[in-house]
Each structure stands twice: as C-alpha cells, then as structure tokens.
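Heads up: the structure comes next, in structure tokens.
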Amino acid sequence: MARSGDFDKYQWWQFVLHILSAVTAGLNMMSLVTVAAVPEHRCEIPSVDVNKTMAALNFSTLATYIPLKSPDQFDSCSTYDLTTNNSIKCSSWVYNTTYHPSSRAIEWDFVCDRRWMGAVSQSSYMLGVFVGCLILGNLADKIGRKPVFCWSALLQLILGVGVAFTSNYYLFLAVRFVYGIFGSAGSYLAGFVLTMELVGPSKRSVCGIAFQGVFAFGIMLVAVWGGIIKDRQLLQIVYGLHALLLVVHWWLMDESPRWLWANGRHKESIDIIQKALDINGSPITINKAEFVSKGQAHQRTRSSKGAGLTDLFKTPNLRKKTLNVCLCWFANSLVYYGLSLSTGNIKGNPFVILFIMGLIEIPGYVLTILLMDRLGRRFLTCFNMIIGGFCCIIAVSFTIGSLVSVSFVFLGKFLIACSFAIIYNYSAELFPTVIRNSALGLGGMWARISGALTPLITLLDSFDPKIPCIIFAVIAIISGFLTMFLPETLGREMPSTIEDGEKFGLGDTCFTNFLGRRKISQTESKLSMNEQLKPLNTSEKV
C-alpha cells in the first residue's frame, strides 16, 4: 500500500523551505568578519602617509618611525615622537586596503585601545541571538513554529538592510542586537524543529546535519560576497537581501502537524497529514472525525497543554538532561566561534581562509551522517568535543601561525563543527514535543551567551596569545566528558509529553550502555505520520 514514508515528496518540499533559514543564519552570524574586518594597520606617520593611505616603506625606513614589538614585527599601536624619540601611543592609523578598502573597523578604528569596540559589535549580535532563542523559542511552543519563522524572516530582511545605513556606533550596536534576535534565532530554530518533527527517524540524522552544512554554506557566502564587493555598505545590503529567500514561506510552508496535535488543534493537524498523503500519492483517506475524537480523549496530550520552558527544570531527569545539554551548547559554540573568528590571525587571503573555514565543515558533516546512525549521538558528541579540545591545546603548543599550529586549528574546527551539528539533532530527540522548541531555544540561548563572550575572550590574547585557546579547550573537554551521562537517542521515538520526556533515557549512560546498542522495539524504530496521531488502526502506516 502506498504510504507517505519518512521522507517523500511532501517532506522533501517542506524540508527545502525549512533549510533555507540556515543559509541566512550562517551568513548573518559571520557577516561582521568582512563588514567590520580589521586589516593590517599601523600608526599614521604625518607627511609620509598621505590621504590616510599607508605608504609603502621598507623595513629599515619604517623602523625610524615605528618601534618594534619583536625582532620582525612592528608595534601597530605606537610610534616614535620625532622630537624626543620616545615611544608614544598613536591616535590615528592607516590600513592596508588590499583586501578591505572599506570596513566599519577602518571607519571607527577598531584597533589598539579601541579594539573592544569590534568585539562588542560581534557580542551585541550574539546577545540578540541569545534573547531570540530565549523568547522566540518559547513563543514557538506557544503560538506555533510557522508564525515565528515567517515574522522573523521579514524582520531580518528589514534589519539586515537597515543596519548598513547606521552611522553612529551605539545605534549600530542597538540595531545589531535586534538583528541578532531575528537574523540567526527565530527562523533558524523554528525551521530546524519543523524538520525534526516532520521527518521520520531514518532521515532525522541526515536532515539535521544538512542544516549545519547549509549554515556552513552561509559562512562560505560571506567569504564569496566579501571577495567580490569591496564597499562595506553595499556588502551589508547584499547580505541582508538574502532574507528574501524566506519571506514567501507564509504561503508555501505548513505548520508542524506534531505541534498542532500536541496543542489540541487536531483538525488542522489531520488536514496537513491528508495533504501530505495526497502529494505523496497515497490512496489513504483519513477519517477526520474518528481521529479528532480520539485526540480530544487523549489524556496524556491534554495533561501537557500549556507546557513551557520551566517544565524543563521541574522533574529530576529532565532537569539533569537540560543542564548537561545547556553546557554542551555553551562549549560547542565557544570553540566553534572562537576558531571561526580567529581567521584574521592566519596569514593569507582572508576571504580564502574564511571560505576554507566553512568548506572544511562539509566533509565532517558527511562523515557524521555516515557514523551517527552507527555509533550514536552520545559517543560522537563526547569524542569530537574531547579530541577537538586537545587539538586547541596542541595548536598553541607550537608557534602560532605556523603550519602545524594552523593545521591543528583546522582539525579542531572540523571536530567541533561535527559535535555542534550533532547537538542540534541530539537536543531535538531528547526533549518532548510540547517543549522541544523551548529546549532548543534554551540550548541556543547558552550557545549565544558563549558566542557573545567569545570575542571578549579573544581580547585576552593581549596578555598571552595562548590564553583564549586554552580556555576553549578546557571547557570543551569538561563538557565532552559530562556528555557521557546523557542517554542515547539512536533509533528511538522522540518523546511527546512531559511524562514521556521524564521517563526517557532513565539509567542510560555511556557507562551502562556504551554505544547505545540495545534491542529497540518496532514501535521505537519506525515512526510514521500516523504514529504522530496515534491512530486506532496501527497496521496502516500513514
């Protein structure tokens, strides 16, 4: 008998609509790397650097004006007082405009004592994403995934273009903050949850990891457009216009049938299921009255109505899982963005380096897809985090910027990108439907707290270049170890109610069940759309 299956025509079309949000999320998140790039710079030399243009001087000539920081490196923040020959801090700078003729950093001098301004600019966006995860994640569980997705898409379009025209630094920070709420939180988290609730277990791994791959593609787009467009204002406008990909979703995208069903909107849920069956070519016709009657009588669903963020902490098992997962999000984000934002410290074409930073994630995601359904989510997450943390330690053990050091930076980014991708799937599968978006929003919130801290932590390299990487490594290793105490979700049906979520994974740790190998019932191993509605006739897979 024809059936909808885990991933047929309808699921494919909706998945494409959902995953476009990952393109704009990745692009918006990393846009400041090019729009506010800090090029090579030094103090301005009066009468030598004409029209704010860095004069080409040989080493010995430049040494008469600029003091040395090391035998082969000039101090970018000091100059000689030509009267007293003493070293003094400079108040104006010139920049190497080979790669970045225009940049917010050049306009507002995000260098030396003003370096904090660039870090705060990135942190303001991350704090916006933090607020978006907290508010919009919970809102999506209250009013639905689709409204949050679509309104976020419209607002990220307006803000993404509008931020290009801000001329005041503090107004820029304010707009960036609001931009973060909708640019990399609302549509992205709602779209991810929509996909997780639409496809069956056999496709959750592939679809979930695909989101992270497309997020990396968004980062690669930042590099591509940055290499083509040299004017920072036009570049930001182009970045913002990518949200046009999402604004038509209101007419094309459906709400989650799982969310509708769990929130008592049974008729709408069944209508979408029937639409999916029709598009997938199934001859099955659902008896709406029968399913609505059964749904209304379903006490477990009714008892979980009104569930929210606080339910993650009310019961012991959910509370332990929530705290552990939040630390996992925090650690992954800290290392991921710490390594991504450090591209300016690597010598070479910054656009090529940023492109490679995004590209290197793709083979990792392919490998993760191949291994996730064999080794499980828990093992891969803790392995990648622990080894990725040690890569950070090894990277700073060698000369920073050397081939060996850069190689371990890339390897660390490769591993952390893999674990960061898994944690999205893992979180969606650990928590019940009625608070799934809230759980992802809470995890995303902690990821953005660490994302906001990351630019500030990188400023510690002024004391010792090794400090930021050591901090990243220690937190990643600790979180990787604690991940061993989470239950495995491989092949298991996602919990639906608060009661299901509390019972899920009791007694299952890496020490009691190493790779998640166990006998899984037929009910757990096969989730189809009629199982979402708990039909009376379980022999027909809708």
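Cβ coordinates come from backbone N, Cα and C, glycine included.
Please treat TrEMBL annotations as automatic predictions, because they have not gone through curation.
Annotated transmembrane segment per TrEMBL: 12-38 (among others), in sequence order.
The domain 'Major facilitator superfamily (MFS) profile' annotation in TrEMBL covers 44-491.
Taken from TrEMBL, the feature transmembrane segment covers 116-136 (among others).
Residues or ranges marked as transmembrane segment in TrEMBL: 148-171 (among others).
Marked as transmembrane segment by TrEMBL: 177-199 (among others). Outside the transmembrane segment (177-199) by six or more residues, the chain places 6-7, 11, 14-15, 17-22, 24-26, 28-29, 124-133, 135-137, 140, 145-146, 148-153, 155-156, 159-160, 163, 207-208, 211, 215, 246, 253, 256-259, 424-425, 428-429, 433, 436-437, 440-441, 444, 448, 494 with a CB less than 8 A from a CB of the stretch.
Taken from TrEMBL, the feature transmembrane segment covers 206-228 (among others). Below 8 angstroms of C-beta separation, residues 7, 15, 19-20, 22-31, 33-34, 37, 188, 191-192, 195-196, 199, 235, 238-239, 242, 340, 350-352, 354-355, 357-359, 361-362, 365, 368-369, 372, 417, 420-422, 424-425, 428 of the same chain, each at least six residues beyond the ends of the transmembrane segment (206-228), sit close to that stretch.
Annotated transmembrane segment per TrEMBL: 234-252 (among others), in sequence order.
Per TrEMBL, transmembrane segment is recorded for 322-339 (among others). Here the transmembrane segment (322-339) has long-range neighbours at 126, 312-313, 357, 381, 385, 388-389, 392, 409, 412-413, 416-417, 419-420, 423, 426-427, 430-431, 439, 442-444, 446-451, 453-454, 457-458, 468-469, 471-473, 475-476, 478-480, 482-483, 485-486, meaning same-chain residues at least 6 beyond its ends whose C-beta is under 8 angstroms from one of its own.
If one looks beyond the transmembrane segment (351-372) by at least 6 residues along the same chain, the residues whose Cβ comes under 8 Å of a Cβ in the stretch are 26, 30, 33-34, 99, 205-206, 209-210, 212-213, 216-220, 222-224, 226-227, 339-340, 343, 380, 410, 413-415, 417-418, 421-422, 425, 490. As annotated by TrEMBL, transmembrane segment applies to 351-372 (among others).
Here TrEMBL flags 379-400 (among others) as transmembrane segment. Long-range contacts of the transmembrane segment (379-400) within the same chain, counting only residues at least 6 positions beyond its ends with a Cβ under 8 Å from a Cβ of the stretch, are 328, 331-332, 335, 339, 345, 368, 371-372, 406, 408-409, 411-412, 414-416, 418-419, 422-423, 426, 465-466, 469-470, 472-477, 479-481, 483-484, 510, 514-516.
Per TrEMBL, transmembrane segment is recorded for 406-427 (among others).
The transmembrane segment annotation in TrEMBL covers 439-459 (among others).
According to TrEMBL, the transmembrane segment annotation covers 465-486 (among others).
With pairs at least 6 apart in sequence, the transmembrane segment (465-486) and the transmembrane segment (148-171) have fewer than 3 Cβ pairs within the 8 Å limit; the two do not touch.
Counting only same-chain residues 6+ beyond the ends of the transmembrane segment (439-459), those with a CB under 8 A from a CB of the stretch are 115-116, 118-120, 122-124, 126-127, 129-130, 132-134, 136-138, 140, 180, 185, 189, 192-193, 309, 312, 322, 325-334, 337-338, 341-342, 423-424, 427-428, 430-431, 468, 471-472.
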